[in-house]
């Protein structure tokens, strides 16, 4: 098939909740070809599931990816502590590396905010799931005012957070708050993370509070609605669920549910960051033609 | 009265008056208040005095409430007042970070509690390791522990012990337990781990002291209690009452009754307008199994939206909210208001 020849060869590093769903999305993408899912533990549930789904798998981790490449694009869905080593191994190969761990090491990209910059860089970072949900809204708000303080509280269902996510909470907080300051110009940003054990599992929720002078309520509301519409183009389960605009203070909450793929509905955190990752790779495929 | 040489205390009372009590006053204790109570508790022989924002290190925020003092000032103030007592702090991963832990140890924290919601012990792995590396005593506690049963709590506590916790246990964050429920849970945990077991009670259903005694009888060794019960919602297990009760049971705590009564009087005079009471809201929140620290924000949202705070607590219980999800309180109040129109 002619279309196949134009597909970018993609590999996924990591076979946790995020890696396995990424593999599934790449399989469904018309622009990407899933060439490898690389885990490190033969007995891991994720790697076995990926194999059962018919994906090409290896237990060789980054070595296998470096040796069996080159790939056009590699997604790093492992953990923040391993990522620098992965970048060091892949940098000489020229592969585009899309980092889904919260390192903030590569060029930080949020679709709709600065994804036009992604084509010029080999090493991209997607902040965090909370960052992907919050930054489009916060960026839209910051077009109208300069926030003095932004606070973001994300709550994910227990079942949507795998081991790497749980070990990387410090990096998640540091990388997300740094990205929020960069994209909004806010002097200060604080990020907090909750995991909810409630059953049935609740959707991924991100509550944001922005303190700023000179807020124009109508303009802010219009911009937030437009930003949410733009996110829904790639993450359809993204909704603004509450919005209060008061003098000096905006409080907005978004909820994200997963739909369409194999993810359970509550796993909106995985949905939004994986949707962003695949979107970037597809845009990169289009640009390379 | 006691003619024997003092035995090594069998039960260690851990005093979070200056941490959990912050929930009762919107995290607004000042340095003089911290110093006054820390000095009195130290003089009474209280072995661990815990201090901080109500939700611990790093938790001062618009979401949970901003503290009057920053963490560094709170810790430095209390550290200076303690000569024999050790200083404790509390941190939940996701609210605080490893940087907060290092700063706390630098300022003299001896005992560090790493907290997770009852089924989420694996979020404590990194930070328990960090505390051990920093050389402080690491403890692991499970919040909102009524939301799951003895078997799972025992597994989760065993995980925290494996991660390096030197004591592990459960908090009755909602004040929901009956004594028999505490017995079953503490017993299961004590069977599953080789480290001391912790119990932290709240008094929403009037059972904090009874639950603490049940915990002791089931094998708990570290019991949390606060002066006058100063703490979230209906308050905590009342320290001076527990000392008296344990004395009647012949259980050594190392704390003098007269001295702890004096410390409790200092707390009553200096920290609070009135001691915590089991008002109607507190009963509703205990029954609904909602985090006691939600009391103030629930009252505020109920007033703002014109809904009954008891209804709001019950609705939050339906949603199984946990500490840290204060952002849901206003939304839930607005939904209640819309539904009753």
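Backbone N, Cα and C define each Cβ position, glycine as well.
Predicted, not measured: the structure shown is a model, and the values here were computed from it.
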Substrate site partner of B:19, B:20, B:200 (as recorded in TrEMBL), chosen from B:60, B:173: B:173
Per DSSP, three-state class assigned to residue B:20 (substrate binding site): helix
Average model confidence [pLDDT] within the domain 'Pyruvate carboxyltransferase' (B:11-261): 97
Close in space, distant in sequence - residue B:20 (substrate binding site), Cβ under 8 Å, 6 or more apart: B:50, B:54, B:224, B:226, B:230, B:231, B:232, B:236
Substrate site shell beyond B:19, B:20, B:173, B:200, criterion: Cβ within 8 Å of Cβ centroid: B:16, B:54, B:90, B:171, B:202, B:224, B:231, B:232, B:236
Annotated substrate contacts B:19, B:20, B:173, B:200, maximal Cα-Cα distance (Å, integer): 14
Pairwise Cα distance for residue B:19 (substrate binding site)/residue B:202 (Mn(2+) binding site) [Å, integer]: 14
Shell of the Mn(2+) site beyond B:20, B:200, B:202, same chain only (C-beta within 8 angstroms of their C-beta centre): B:16, B:171, B:172, B:173, B:175, B:201, B:208, B:224, B:226, B:231, B:232, B:236, B:237, B:292
